[in-house]
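Enquirer: Pulled these from TrEMBL:
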TRANSMEM  18-44  transmembrane segment
TRANSMEM  92-115  transmembrane segment
TRANSMEM  127-148  transmembrane segment
TRANSMEM  160-180  transmembrane segment
TRANSMEM  211-229  transmembrane segment
TRANSMEM  275-298  transmembrane segment
TRANSMEM  304-324  transmembrane segment
TRANSMEM  345-368  transmembrane segment
TRANSMEM  374-394  transmembrane segment
REGION    503-536  region 'Disordered'
COMPBIAS  509-533  compositional bias 'Low complexity'
Amino acid sequence: AAQKWMYGGLDSNLLLQYIAWISYPVVLITFSAGFTQILAPQAVGSGIPEMKTILRGVVLKEYLTFKTFVAKVIGLTCALGSGMPLGKEGPFVHVASLCAALLSKFMAAVFGGIYMNELRNTEMLSAACAVGVGCCFAAPIGGVLFSIEVTSTFFAVRNYWRGFFAATFSAFIFRVLAVWNQEEETITALFKTRFLCFSGLAPSLPVRRLVYPALVTLLISTLTFPPGFGQFMAGQLTQHESLVALFDNRTWCRQGVAEEFDYISHHHAWKHPQVNVFITLILFTVMKFWMSAVATTMPVPCGAFMPVFLIGAAFGRLVGEIMAAMFPDGIHAAGGVYPIVPGGYAVVGAAALSGAVTHTVSTAVIVFELTGQISHILPVMIAVILANAVAQALQPSLYDSIIRIKKLPYLPELGMGHHEKYNIRVEDIMVRDVRYITLNSSYRDLQEMLMTGQLKTLALVESRDSMILLGSIERLQLQSLLSLQLSRQRRLEYLRQLAQDNGTHDHLPSLTSDSTPSSPCTHTHLNSSTNSSARQAITEWEEQQLDEPVDFKNCKIDPAPFQLVEQTSLHKTHTIFSLLGLDHAYVTSMGRLVGVVSLKELRKAIEGSVTVTGVKVRPPLASFRDSGNTTNVSEVTELHKLCIQCQV
């Protein structure tokens, strides 16, 4: 609105109009990019791919913090106010999840108890995703269904009513605000239609991070400048105004000749004396397609659903106008006349394209709630299902593609058509060189294990000979054991005992006042000989402590880590990982630890290992198996049993 006001007030000077038209979005986008990069780079982008990753059990650092919340809200406000072809649905999901996470932290700090449960936090985030979509479109039912489809592989039904409850109130507040602001007389649909019938800030911030969004904004603003090329593609309309016009149930053309139509103040944007409506809609669809694709790559908080929704509506409107031109009097069938309603085609196109891009069916429900009508449920559902079938056969969804681009931990779907993958077992893909500790391990072994590896959990086995899996221990617990064994208090006790044995008790205060774990016996008042002997004594004491066996009594051990047997199929492993949100599982044989499988190995097995020449190969043992021959499987199993007996 501010951009149009600046542009409209300079009718007499075309150059000033152009400067006003491009300066407003460039300044807002540049500020949004800079502010977000300085405060919290995690706020960049949509938010749905990251929430999908978090809800499957992966912890993303600094993603659900108050700092990210501030950066997301301010950056999104500036990005949407710039008028660029950007969406708000994904950021709304992220903002709602941030509110839920911060609220959970507050409740846990104040009340504790159930609010500190990790499962409780997951339930809050699931409801928050539904709230984000619900308040974005004022569509609580479609919001809940859409959030389930894009963020969950397996959904807990117990969270269903929570999502509907929260999404309903969020949509209610969103529409009530319009009434309070006197934009609406009562609570109504966001894009109301009346279809009769239907047929068919830091100095260290790199300059390039600001230059790229500024150049993209400058290019898009120049192309949409109304007196320029924008006059052929309704460049002066916002996304909301464009959708209102595209959903209009009146026909804009007859046989390629622009018809006189008037829809509030938007009619002049779609009419041009030299160009008919067909050319305008084609240019609008093509230009919005690539401009939206480029705009969503800017490092600002933004989504992609609304631009895709708008492009689908424009293409549907184009098809509807073509049908109206071909059948100006409507379609005669069964003794009746069915007039062509181009706005209905726009609704179907919007639902189909947005559903295809996101691989969801709930976009049909969102469209019904947006338009306030359900009379075209059958054609909309058919179009959405067909679009999904085509899109899923060609490529992953928009959010899965972003997950892969950002290299977030994910688990790809196991396609039903890849029968060869059903013959792969866990033993084919597991890592056999497992890092573990035993009950007889010394603190020195513990120290070497922590220094040479970065695993979050380590397996605990009975001994190197038996390899019986007893449980798993987190890395933090092992670090705590090592720190306790070499703690400052035990060092001071040893120094005190050493001073008493040597008869130097008077020097104990100066000996212990500045002692630290790194240099426990350094003090400026000691002479060099005392300093050297004390340091040598501490070094010898540390060596003795490191050689002692580890005491696991004060350590929290998970006695039942997730385990798989060697013969577990890839399909069953994929189901377990997806259902429980695992990131790794140990592989055992008769209770003996033989390997470990993680998301990395599972993902490689599903996608196929790629050699240097680009040819996908199967795991070695999997080549013995064949789906049509069961004897090979039994032979390999018997051979495996013989190998185990020989080892024993």
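Backbone N, Cα and C define each Cβ position, glycine as well.
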Enquirer: Same chain, outside the transmembrane segment (304-324) by at least 6, Cβ under 8 Å from its Cβ: which residues?
Expert: 46, 85-90, 199-200, 239, 242-243, 246-247, 251-254, 277-278, 281-282, 284-285, 288-289, 292, 295-296, 340-354, 357-358, 398
Enquirer: At an 8 Å Cβ cut-off, counting only pairs 6 or more apart in sequence, do the transmembrane segment (345-368) and the transmembrane segment (127-148) clear the bar of 3 or more pairs?
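Expert: Between the transmembrane segment (127-148) and the transmembrane segment (345-368), which are separate recorded stretches, there is contact, as judged by 3 or more close Cβ pairs.
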Enquirer: Would the transmembrane segment (18-44) count as touching the transmembrane segment (127-148), if touching means at least three Cβ pairs under 8 Å and pairs must be 6 or more apart in sequence?
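Expert: No, since the transmembrane segment (18-44) and the transmembrane segment (127-148) share fewer than 3 Cβ pairs closer than 8 Å, they do not count as touching.
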Enquirer: Below 8 angstroms Cβ to Cβ, which residues of this chain, lying six or more residues outside the transmembrane segment (275-298), approach it?
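Expert: Same-chain residues near the transmembrane segment (275-298) but 6 or more away: 29, 33, 84-87, 212-213, 216-217, 219-220, 223, 232-234, 242, 252-253, 256-258, 304, 307-308, 310-311, 314-315, 317-318, 321-322.
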Enquirer: Which residues of the chain, 6 or more past the ends of the transmembrane segment (211-229), have a CB below 8 A from one of its CBs?
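Expert: Sequence-distant neighbours of the transmembrane segment (211-229): 7, 14, 17-18, 21-22, 25-26, 29-30, 32-33, 82-85, 235-236, 287, 291, 294-295, 297-300.
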